Each structure stands twice: as C-alpha cells, then as structure tokens.
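Engineer: Mind having a look at this structure? Questions to follow.
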C-alpha cells in the first residue's frame with residue numbers, strides 16, 4: 001500500500017515573538033497513506049497545517065514535498081505544487097455559485113490568457129468549456145450537481161463541507177489536507193463523510209492528512225496517527241498504539257492523580 | 001448559445017440607445033445643452049464601471065480613482081495640445097499612461113487591506129494632483145487649455161468598449177479569480193490563485209479605463225485644472241458605485257445615469273443643489289442599504305442568463 005515518501009517535515013517550527021507555537025515537528029508521509037493529526041485544543045494542529053501550506057513561513061526546520069523544498073513559498077505556489085486543503089471554519093466563496101466555487105479551484109489548471117478572455121478569442125471559449133465540464137464532473141462525484149446554480153452560502157452545512165472538499169480536489173492535489181472535516185456533523189453525516197473520504201482516496205489516488213477531534217472517525221480510517229500537544233509532537237503510530245500510549249492519555253485526560261485516601 | 005445571444009442583445013441595445021439620443025439631438029427635440037449632459041453621463045458611467053472592477057469585483061477599497069482620471073486627462077491633453085497628435089491616439093496614450101500609474105500605485109499599496117488601502121490610494125491620488133499642480137509645462141494651478149474634441153459619438157464608442165472589456169474580463173476565469181479574492185482572500189490563495197497579481201491587474205485595467213475617460217473628460221472642457229481632480233471627484237465616483245450596489249455592473253450604470261440627471265437638473269437651483277443631492281443619497285441608503293441593485297444584475301430580471309452578471313460564469 002505505502003509507496004514512496006511524498007512529504008517530509010524535519011524539525012519544523014514557528015515562533016510568534018516569544019511564543020513557540022510549534023517546534024520540532026517531524027512527519028513523513030508516503031504516497032497513498034491516510035494520516036491523522038490529533039491533539040487537544042491549542043496543540044498547534046492548524047498551525048502546522050498553515051506551516052505546510054505556506055500561510056506561515058517556518059522559523060526553523062525544513063519541509064519538502066515530492067523532492068522539492070516548500071519553505072518560503074506562498075500559499076498559491078504550494079497549491080500548484082500539489083497540496084490543497086480545506087479549512088476548519090468553512091471558507092467558501094459565498095456569493096459565487098456552487099459550480100463557480102469549483103471553477104475557481106480549477107483556475108490554475110486552465111491556460112487561456114486575460115487578453116484572450118477580453119477579446120473572446122477561441123482559446124477563451126475552449127478553456128472555459130473545459131473548466132465547466134471538469135467542474136461539473138467534480139460536482140457529480142460529490143452529488144452536488146443539483147445545486148450547481150445555487151449560491152454557496154445557501155447550501156446546508158453538511159453540503160458546504162462536501163463542496164469545500166470538492167473544491168480542494170478540483171485544484172488537482174497529490175496531498176489533500178482536511179482540517180476538521182467532521183466538525184459540527186451528526187453521527188450519520190460523519191459516517192457518510194468517512195465513506196466519502198475512503199472513496200475519493202481510491203478514485204483520485206490521493207494521499208490524505210486530516211485533523212480531527214472525532215476519535216471514531218480518526219481511529220476508524222487513519223492508518224497512522226500523529227499526536228501534538230503544546231506545539232510538540234508527543235507520539236506517532238498506528239491507531240492501536242496511540243490508543244494505549246500513556247503520554248497521549250495524559251495529554252487528553254490529564255495526569256493521574258495520586259490521592260491520599262485509598 | 002445564451003451568451004452569444006445576450007452579447008448581440010447588448011450590441012442592439014447600444015445601437016438603439018445611440019440612435020435614439022442622436023435622433024433626439026439632431027431633430028432638436030433636446031437642445032444642445034443636453035448633448036453635454038449625455039457626454040458627462042457616459043464619462044461618469046465609464047468611471048463608475050472602471051471603479052466597479054476594483055471595488056465591486058475584486059473587493060479592493062480604492063478611493064483615489066480621480067488620480068487616474070487626472071493622469072488620463074493631462075496626458076491626452078498634452079498629446080493633442082502640445083504634440084499635435086490626433087485625438088484617438090491621445091485617448092489611447094492617456095489610458096496607457098494611467099494604467100502604468102495604476103501599476104506603480106497598485107504594486108506597493110495593494111499589499112494593504114481595507115481602511116489602510118483606502119488611505120494609501122487617497123494619498124497617491126493627492127500626490128498625482130499635486131504633481132500636476134507643480135508642473136509648469138501643463139500650466140500649474142492656472143490649468144491647461146484644451147480644445148473641445150470630445151463628441152457624443154466618440155464618447156459612446158468608448159463607453160461601449162469599456163463595458164465590453166469589464167464584462168468580458170468579469171465573466172472569465174480571471175474575473176472569477178478576482179471575485180474569489182473579494183469573497184475570501186485566504187481561500188482564493190489556497191486554491192492556487194496569485195492574489196497579488198490579480199489585484200494589481202484589476203487595478204491596472206480600472207486605471208486604464210479611467211484614463212481613457214479622463215481623455216474624454218479633458219477634451220469636453222476648454223480648460224483643465226488640478227482642482228478638478230481633488231478627492232471630492234474620487235468620492236463622486238465612489239458614491240456612484242456604492243449607490244448602484246457593490247458588485248453590480250448594471251447598478252453602477254443606472255446610478256451614474258440617475259446621479260448625472262439629478263445633478264444636471266439641480267444646476268438651476270444652486271442654493272439647494274447639494275442639500276437635495278445629499279438627501280437623495282441618504283434616502284437611497286436608508287431604503288436600499290445594499291445599493292440600488294445589491295449584487296444583482298439587471299439581466300437577471302429578464303432571464304437573459306448571466307452574461308452581464310458579476311457572479312462570473314457563462
């Protein structure tokens with residue numbers, strides 16, 4: 001199952017003034033894996049996503065993807081290298097239609113120039129037609145095609161989450177980062193999401209890294225799990241190993257209290 | 001097929017409007033005084049539509065649009081008056097130099113957001129004005145004499161071109177990228193859109209079109225002075241865009257027509273003019289807080305598809 005190494009993070013970290021938000025973060029992801037990143041609130045999970053996607057520039061360490069160094073690249077450049085993401089708080093283009101949301105993600109895969117669009121040259125029509133067809137395909141896969149002309153903000157919450165994943169996939173990633181995809185979902189929706197993640201992974205030959213609080217989801221689908229606490233990596237291993245790791249239990253439940261009364 | 005149909009409908013409508021106004025003017029149903037009103041109206045529409053691209057589509061709050069109007073006005077006036085070149089070339093040159101000024105202003109200032117960007121653009125526009133004020137070659141504070149070359153026909157052609165450029169840009173992957181930046185810059189960046197590039201491009205196209213409008217503006221008067229291009233002029237353009245509805249091109253057009261007509265008719269009542277004008281603005285904002293059209297386009301009311309829509313797509 002596991003192929004070549006796709007992503008390597010070595011000792012990465014970021015410091016905001018005197019605060020070390022994340023430090024000494026190591027991770028290696030192989031082609032085709034599905035990895036979970038967990039940790040208590042404020043552990044630095046989203047910060048490590050932001051380091052990875054170029055939102056923050058790491059103040060220490062190295063990030064390399066597919067053999068290329070990512071440090072210092074802007075987010076749009078990281079996306080073009082093949083890493084795309086969803087957000088913890090949904091960030092759709094609210095006033096755009098569902099179809100146009102996906103088209104925006106397909107933007108950098110199209111090639112027609114500004115001049116060709118203003119003069120309405122044939123390359124504009126060909127490019128726009130291709131974008132339209134590809135975007136519709138993505139919507140069909142996610143069963144969102146019946147909403148295609150609806151504004152994104154009018155979709156129900158669960159569908160917005162699906163649309164965000166569809167949009168991230170349309171950017172053509174090799175590695176997909178999902179930031180709490182099940183947040184705010186009921187058990188039924190979470191179950192559907194798990195099936196969806198398994199499906200797109202096979203369909204698009206994807207490698208997936210996800211942040212999640214829903215332990216049932218993480219333990220159910222992830223092959224390996226990394227655990228962060230206070231900006232430090234405290235464990236990594238299979239779901240079984242993580243479940244029994246004393247450090248992880250301590251991070252989540254607190255230290256065992258040695259009480260005086262027996 | 002829908003998009004081709006609405007394109008030809010737009011052309012037919014444009015020819016019809018041109019023909020109608022031309023007929024009214026030549027048959028002297030409307031006296032020549034109105035010819036000037038229609039020219040001013042068309043220039044105001046061009047300015048509003050060009051600013052709509054920057055504020056309504058890309059979401060960058062620029063309040064220094066009069067600066068680019070000034071660059072176009074002065075450069076084209078220099079071309080016709082000092083260098084003796086034909087008017088169309090002067091218009092084009094005014095637009096190109098204004099676009100360059102847009103690039104020079106846009107590249108540093110578009111790193112800023114919101115209020116800070118507004119202040120920076122306002123500052124740059126004042127700098128442009130003061131530069132012209134201090135150049136003896138263009139007459140300084142006394143101003144520059146310009147011959148009256150702007151005609152209703154040339155203005156209308158430029159107006160149609162301006163609208164076509166903005167609509168075609170908006171309804172393409174490039175326009176969608178700009179709208180994505182307006183809607184959520186972080187997400188647009190994460191989707192692979194070079195946000196700085198598109199902000200600067202939208203700003204430069206907006207400046208280009210404002211520069212062409214500037215050429216028409218200067219050749220519609222007999223003299224241009226730096227005081228014509230103060231921040232009040234910038235606010236006039238901004239008011240049109242906001243009143244029409246941020247993100248709505250047809251809203252900008254309708255608001256420009258409405259405000260030009262109101263201010264023309266109010267010229268007979270100079271004492272109360274500004275009071276009535278301001279009251280109109282206050283009432284529109286109370287009853288239509290999102291502007292006359294909101295983010296919608298007039299074509300949506302007639303089921304003509306989304307050809308003129310600000311929401312992108314074809």
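Keep in mind that glycine also has a Cβ here, set from the backbone N, Cα and C atoms.
TrEMBL annotations: computationally assigned, not manually curated.
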Engineer: Kindly point out the range from B:37-55, B:170-188 that TrEMBL annotates with transmembrane segment.
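Structural biologist: In TrEMBL, residues B:37-55 carry the label transmembrane segment.
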Engineer: Determine which residues of the chain contact the transmembrane segment (B:87-107) at the Cβ level, with the cut-off under 8 Å and only residues 6 or more beyond its ends counted.
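Structural biologist: Beyond its ends, the transmembrane segment (B:87-107) has Cβ neighbours at 64, 67-69, 71-77, 79-80, 121, 124, 128, 149, 154, 158, 199-200, 203-212, 214-216, 219.
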Engineer: Could you check if the transmembrane segment (B:62-81) is in contact with the transmembrane segment (B:197-217), meaning 3+ Cβ pairs under 8 Å among residue pairs at least 6 apart in sequence?
Structural biologist: yes
Engineer: Go through B:7-25, B:37-55, B:116-137, B:197-217, B:274-292 and flag the stretch with the largest number of C-beta pairs under 8 Å relative to the transmembrane segment (B:149-169).
Structural biologist: B:37-55
Engineer: Using a Cβ-Cβ cut-off of under 8 Å, list the residues of the same chain that are 6+ residues beyond the ends of the transmembrane segment (B:116-137) and lie near it.
Structural biologist: 60-68, 70-71, 74, 78, 82, 101, 105, 108-110, 226, 229-231, 234
Engineer: Does the transmembrane segment (B:237-262) reach the transmembrane segment (B:7-25) with at least 3 CB pairs under 8 A, where each pair is 6 or more residues apart?
Structural biologist: no
Engineer: Which one of these stretches, B:7-25, B:197-217, B:274-292, has the most C-beta pairs shorter than 8 Å to the transmembrane segment (B:37-55)?
Structural biologist: B:197-217
